[in-house]
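What follows is a single structure, written as structure tokens, with notes after it.
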Amino acid sequence: MRTPIGILISGRGSNLMAIKSAADAGLLRAHIAFVGSDNPAAPGLTWAREQGLQTIELDYSSGRLRGEEQLEQAMVYYDTHHLVLAGFMRILSERFVERHKGMIINIHPSLLPSFPGKKGIEEAFRYGVKVTGVTVHIVDEQVDHGPILAQEAVTVEEGDTLQDLEDKIHGVEHKIYPVTIDRWLEEGDFSLPRLRRSIP
Ligand code: GRF
């Protein structure tokens, strides 16, 4: 049984592409029910259309409430309970997150809780860290926060440019996101110890 997932993007969509490749290769127990974007000009949205995926432009111009209403309508229409954030640059409201608790996953290009926010790679690089990485987590009411499902470290080598680091981080993202989504769909919130999860 393949679980329908909605993927939300705002830009390039390289993680979306990696997820689709994994799904097409039968490595992911999911099918992409729809791709939503707050940015009608997102290259990832154009790519999704070209691939024949269902796409939805979320209208945030009159506020977050309207955008999230459209998102919920799409989830109902496509019978989708699981949302995958892949470079979605909007912060979901507490109300939305509360209504879909545990059903939204995000990828962030740093080792959280270090360097949350939109410039995780750049800020880590400028800080001069020797190790940064990628985090996949369940979304909670705070930004770039919530139970961690997977992390992988990336080493900053002597002489690496910001571009080098970005390339390394994205390479790791494309590898771990599909795998982690698959585990999440199979096991739910596996960041919690099994004992705790078995307590009603
Ligand atoms: C990724 O670095 C992801 O970690 C962050 O936004 C970026 C999206 O890139 N949340 P892409 O649109 O998937 O290429």
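Glycine is no exception: its Cβ is also placed from the backbone N, Cα and C atoms.
Over in TrEMBL, the protein carries these features:
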ACT_SITE  H108  active site, proton donor
BINDING   G13, S14, N15  N(1)-(5-phospho-beta-D-ribosyl)glycinamide binding site
BINDING   R64, M89, R90, I91, L92, N106  (6R)-10-formyltetrahydrofolate binding site
DOMAIN    7-180  domain 'Formyl transferase N-terminal'
SITE      D144  site 'Raises pKa of active site His'
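Here N15 (N(1)-(5-phospho-beta-D-ribosyl)glycinamide binding site) is positioned 18 angstrom away from I91 ((6R)-10-formyltetrahydrofolate binding site), judged by their C-alpha atoms.
When the Cα positions of R64, M89, R90, I91, L92, N106 are compared pair by pair, the longest gap among these (6R)-10-formyltetrahydrofolate-binding residues is 19 Å. Taking N15, M89, R90, L92 as the candidate binding-site residues, the subset whose CB lies under 6 angstroms from any atom of ligand 1 consists of N15. The candidate set comprises the recorded positions R90, H108. Of these, H108 has the most other Cβ atoms within 10 Å.
Taking the C-alpha atom of N106 ((6R)-10-formyltetrahydrofolate binding site) as reference, the shortest distance to any of the recorded positions G13, S14, N15, D144 belongs to D144.
R64 ((6R)-10-formyltetrahydrofolate binding site) sits 18 Å from D144 (site 'Raises pKa of active site His'), counting Cα to Cα.
The binding-site residues under consideration are S14, N15, N106. Their Cβ neighbour counts within 10 Å are lowest for S14. H108 (active site, proton donor) sits 14 Å from R90 ((6R)-10-formyltetrahydrofolate binding site), counting Cα to Cα. Sequence-distant neighbours of G13 (N(1)-(5-phospho-beta-D-ribosyl)glycinamide binding site) (same chain, 6+ residues apart, CB-CB distance under 8 A): V35, A42, P43, G44, L45, W47, A48, A86, G87. Classification of N106 ((6R)-10-formyltetrahydrofolate binding site) by DSSP places it within a strand. For S14 (N(1)-(5-phospho-beta-D-ribosyl)glycinamide binding site) paired with M89 ((6R)-10-formyltetrahydrofolate binding site), the C-alpha to C-alpha distance reads 14 Å. Of the chain residues outside the N(1)-(5-phospho-beta-D-ribosyl)glycinamide site list G13, S14, N15, I9, G11, R12, L16, M17, A18, I19, G44, A86, G87, H174 have their Cβ within 8 Å of the site's Cβ mean position.
Looking at M89 ((6R)-10-formyltetrahydrofolate binding site) and D144 (site 'Raises pKa of active site His'), their Cα atoms lie 11 Å from each other.
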